[in-house]
């Protein structure tokens, strides 16, 4: 029986010189230079060198070494010694090695050249062993924790809303149908209507969960299943919500900076510093784009290329505010007639979040629905809530996969998604 792991590889430092430890992980590299042999062991946190030296290491371990292959699962017990030669400044001299499972030759190379994305995603579970991926998803987990902590600190309650629904949240047709016993239902594209309803009871709510959109996109920034961070708060407007988003973004920059050495080691140049985020009126953004030579009309939405171009004036992180009402969902509160109390949060040219002040009076909401060709009767279960004390409220929806992509400077949202689901991919 093998012993339990006592340390992550990253915890094996020169300070542990002379200490017996147990590490567990996968064989990353094997080197044989005669009387000295090396096993580099990988776990989630990094690497550690295990050194076998004739006259110092038990003889039977050289036979075990001969059986080892890359990616074999191992447990190793040994004594830590400080080293001026080992890359990490430390090595382990083993007293015992257990091979828990043998690995066949891998179908893709995770050590040197990176295969094309389609091949990597085909073998995603193997590809996730790559050190760069380990860092990306470890940082992503820390980012989620930080988002939760900020929202809890602002008095929000975490909720979970249905993902099987009977009508569209946005009033469109881009929904995935599912058979729900004897009737057709749909996968939820957003918790928007539920979180609005919850402001009439819980006041401030947020949800982190999957969302589904049957959009036939095939771009670097679109997925059909993604993790959405949604928040809604009573007695707030869009400026209040942007203030909260600013707090989240500053906290995230700080969180990411804690992983600076690991990110730099795998070649990721992340956004780690953030000052106040400028709030750019839509009209000003249109004028700036025209100055840059873009043929953009008032009422047009902005492309990723345009949003990247605006970084020249506003830096890598900025809000665009007060969009034309025609570009926003039906539940968005209007501002001065044709505009709206709305915003997008742009990071490195990518729209990562959108939000607005919402309409909180039933008659105004029904009127907005009719203007857009929607039948209020299809939304009766939602509209009825507005009859019993719906407060003024505002909120945001944030695409977490896009957020990770933008903050870490990745070139494709699939790199920030464990098992991506897009128009052409539904496995593994």
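Note: Cβ is positioned from N, Cα and C throughout, glycine not excepted.
Swiss-Prot has this to say about the protein:
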- 170, 213, 354, 358: L-aspartate binding site (BINDING)
- 213, 214, 215, 351, 399, 400, 401, 402: ATP binding site (BINDING)
- 351: Mg(2+) 3 binding site (BINDING)
- 351, 354: Mg(2+) 2 binding site (BINDING)
- 192-195: region 'Aspartate' (REGION)
- 87: site 'Important for tRNA discrimination' (SITE)
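Locations of recorded Swiss-Prot features on the structure.
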residue : record                                   : DSSP (3 states)
87      : site 'Important for tRNA discrimination' : coil
213     : L-aspartate binding site                 : coil
351     : ATP binding site                         : strand
358     : L-aspartate binding site                 : strand
399     : ATP binding site                         : strand
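This prediction places the mean pLDDT of the region 'Aspartate' (192-195) at 96. Its Cβ taken as reference, residue 354 (L-aspartate binding site) is surrounded by 20 other Cβ atoms within 10 Å in the chains shown. If you compare Cα positions, residue 402 (ATP binding site) sits closest to 354 out of the recorded positions 87, 213, 354, 358.
Here the CA atom of residue 399 (ATP binding site) lies 9 Å from the CA atom of residue 354 (L-aspartate binding site).
Distances between the Cα of residue 351 (ATP binding site) and those of the recorded positions 87, 213, 358 are shortest for 213. Here the candidates are the recorded positions 87, 213, 358, and by Cα distance the one nearest residue 401 (ATP binding site) turns out to be 213.
Of the recorded residues, residue 358 (L-aspartate binding site) and residue 215 (ATP binding site) place their C-alpha atoms 25 Å from one another. Once Cβ contacts within 10 Å are tallied over all protein chains shown, the recorded positions 87, 358 are led by 358. Spatially close to residue 214 (ATP binding site) yet at least six residues away along the chain are 174, 175, 176, 224, judged by Cβ distances under 8 angstroms.
Counting in whole angstrom, residue 399 (ATP binding site) lies 38 from residue 87 (site 'Important for tRNA discrimination') by their C-alpha atoms. Taking every pair among 213, 214, 215, 351, 399, 400, 401, 402, the residues listed as contacting ATP, the largest Cα to Cα separation comes to 19 Å. For the pair formed by residue 400 (ATP binding site) and residue 213 (L-aspartate binding site), distance between Cα atoms is given as 15 Å, rounded to the nearest Å. Taking a C-beta cut-off of under 8 Å and a sequence gap of six or more, residue 215 (ATP binding site) has these contacts in its own chain: 174, 222, 224.
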